[in-house]
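Everything on this sheet refers to the single structure shown next.
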Amino acid sequence: MNTAELLRKIIRRENLTEDEARSIANSVMKAEVPEIVTAGFLVGLATKGESVEEITGFAKAMRDNALHINFPSALDTAGTGGDGLNTLNVSTAVALLISQVYPVAKHGNRAVSGKSGSADVLEALGYNIIVKPELAEKLIKESKFVFLFAQLYHPAMKNVANVRKTLGVRTIFNVLGPLTNPANARYQMIGVFSKEFLPKLAEAVVRLDYDRVILYNGFPSLDEISTQGITYVYEIEKDKIVSYTVSINDFGLKDEIPVSKLTVNDATHSALRILKAFKGKDEEARRFIGINTAMALYLIRKVKDLKDGYEYALQLMDSGIPHVRSLIEKNGDLSNFNKLVEKID
């Protein structure tokens, strides 16, 4: 089926097969079709609603066109973003903490709609975000942490960047980042911008051959575990999917923290709040990071439940600042980090 026939199929609101989606995604990322056709596919899919097969096919195509490192046992904590709430970079904080006890290949990018992306906050801390594959494998083996910058590891995405920017609306590519980790990480925490998208993404995860993944969407449509209200969770192990909800009570906590108290102005502010939380000088941020770290510890089976996970997370935060310093010493510049630490002390 040629490109025009596939486009007509979408216009008729018919779903593409996984192979059809993979084929057109490869053509798009290799710039084999005009930008106007790419725009037609992206808008058509968004209007129709992306199917499980289409998400899976596009994710496999992104993997086909990516640079890779070999570390499938790693954990990633990348979310979809796009919740518009401008909270501190909790998934990056979790990645830094977990790397004290388990290898983390943190896949991420600069902010698109928010105040600070994972690349931005790591850069604000002084970490070198441009890490090529050979060095990346060395770092994760030696220090249990590496950042895999999406712009570097997905060079073919430059061929759709202009279309995405011009359209200015959410497309299928917004949900693909977490599904395309360059280390082929088989353990993953994925925050999702909408709870309605969770079942569909869970089915795609099953098709993409992970070992264990936890998807979640917290109140109020936050792509993190929330300190306020209910968080919807989908836990996937191989081909088994279990869904449930959690609240702060499941972590052994009582008082909710409004999400409005967890916002940041920019990447430097986010970095500062993370370090303050590690130091015990920002209680709201500490709890937010703590419950998300607890879920990650549960995912990688370091704890039996979320209450134990939260207690363990507090211990990891207590040693968080020296650990982050050691990561930056290996791959970065301590100037920014030291200035931030001075502001805390």
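Counting begins at 1 with the first residue displayed.
Cβ coordinates come from backbone N, Cα and C, glycine included.
Summarising the annotation, Swiss-Prot assigns 5-phospho-alpha-D-ribose 1-diphosphate binding site to Gly79, 82-83, Thr87, 89-92, 106-114, Ser118. A coil conformation is recorded for Arg110 (5-phospho-alpha-D-ribose 1-diphosphate binding site) in the three-state DSSP classification, outside any helix or strand.
Feature annotation from Swiss-Prot assigns anthranilate 1 binding site to Gly79, Asn109; the stated evidence is sequence analysis. Around the Cβ of Asn109 (anthranilate 1 binding site), the same chain contributes Gly117, Ser118, Ala119, Phe149, Ala150, Gln151, Gly177, each under 8 angstroms and 6 or more positions distant in sequence.
The annotation Mg(2+) 1 binding site is assigned in Swiss-Prot to Ser91, Glu224 on the grounds of sequence analysis. All protein chains considered, the CB of Ser91 (5-phospho-alpha-D-ribose 1-diphosphate binding site) has 28 other CB atoms within 10 Å.
Neighbour density for Arg164 (anthranilate 2 binding site): within 10 A of its CB lie 18 other CB atoms from the protein chains shown. Feature annotation from Swiss-Prot assigns anthranilate 2 binding site to Arg164; the stated evidence is sequence analysis.
Positions annotated as Mg(2+) 2 binding site by Swiss-Prot, on the basis of sequence analysis: Asp223, Glu224.
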Out of Thr87, His107, Arg164, point to the one nearest Glu224 (Mg(2+) 1 binding site) in space (Cα versus Cα); all of them are binding-site residues in the record.
Thr87
Using CB atoms and a 10 A radius, I'd like the single residue among the binding-site residues His107, Arg110 with the highest neighbour count.
His107
If you run the three-state DSSP split on Thr87 (5-phospho-alpha-D-ribose 1-diphosphate binding site), which class comes out?
strand
Output the one of Asp223, Glu224 that, of all these binding-site residues, has the highest number of other Cβ atoms within 10 Å of its Cβ.
Glu224
Subset of binding-site residues (Gly79, His107, Arg110, Arg164) lying within 10 A of Asp223 (Mg(2+) 2 binding site), CA to CA, in sequence order:
Gly79
